[in-house]
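Trainee: Would you mind keeping the following structure in view while I ask a few things?
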């Protein structure tokens, strides 16, 4: 069992909320010469921009699973809306705000998952060795990148699945293809944001790939698939894999038993304290 110990950057949510409040100030303060209660009743061009961006956020939130994904979409909406509104108000203010957004993205990273997990982390040198070590073990491996918001949102779901289903014959692993690009090439997982292949889950049995999600179309792009706990359990048949793995580990612990009729009669005789056996006596 491993635990992620990285401290959660509390400033990420605080600064993101500042973006949201600055958006509210821009909405109620454009034009600045009009009182805010009158501005809310007017149909300015800025309101049309906000309505368009709000529709995009609503469409993206339909596929969101966790609270972090919903908040991330709202914060991204506020940043894009602020850039547009600042540029319409003053080009210099727009450039300044855009610079601050770039600095924010480079310095404040979204919080990582901090809870427990039964997951083994691979490198480019250990993944092949581990998959080939014991071919009786079934592996589910996530190919991820730290910069991907989708991977960060899926992290707590994948950790919860590992806590529920990990056993001797069914193991969970992860490999950072952003850090190890050779692994992405070997296992044909594109790290380009345009292909939308991150995260990718691959099921290995006997050291060989059996299936993966999302699937890849002829153009090399990922087929739309929602990384929810229910979808992973259903598509990868985790309940069936878990039961088979438990039976296999139980048989392995008990070991093969030799039938009584095939045992050596001399070995089956009981030895007495004086060194004689019941059979000899």
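A Cβ is built for glycine as well, from the same backbone N, Cα and C atoms used for every other residue.
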Trainee: Identify the transmembrane segment range according to TrEMBL, selecting from 95-115, 116-136, 137-157.
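Mentor: Checking TrEMBL against the ranges 95-115, 116-136, 137-157, the transmembrane segment one is 95-115.
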Trainee: Can you say which of 212-246, 247-281 is given as region 'Disordered' in TrEMBL?
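Mentor: Checked against TrEMBL: region 'Disordered' maps to 247-281.
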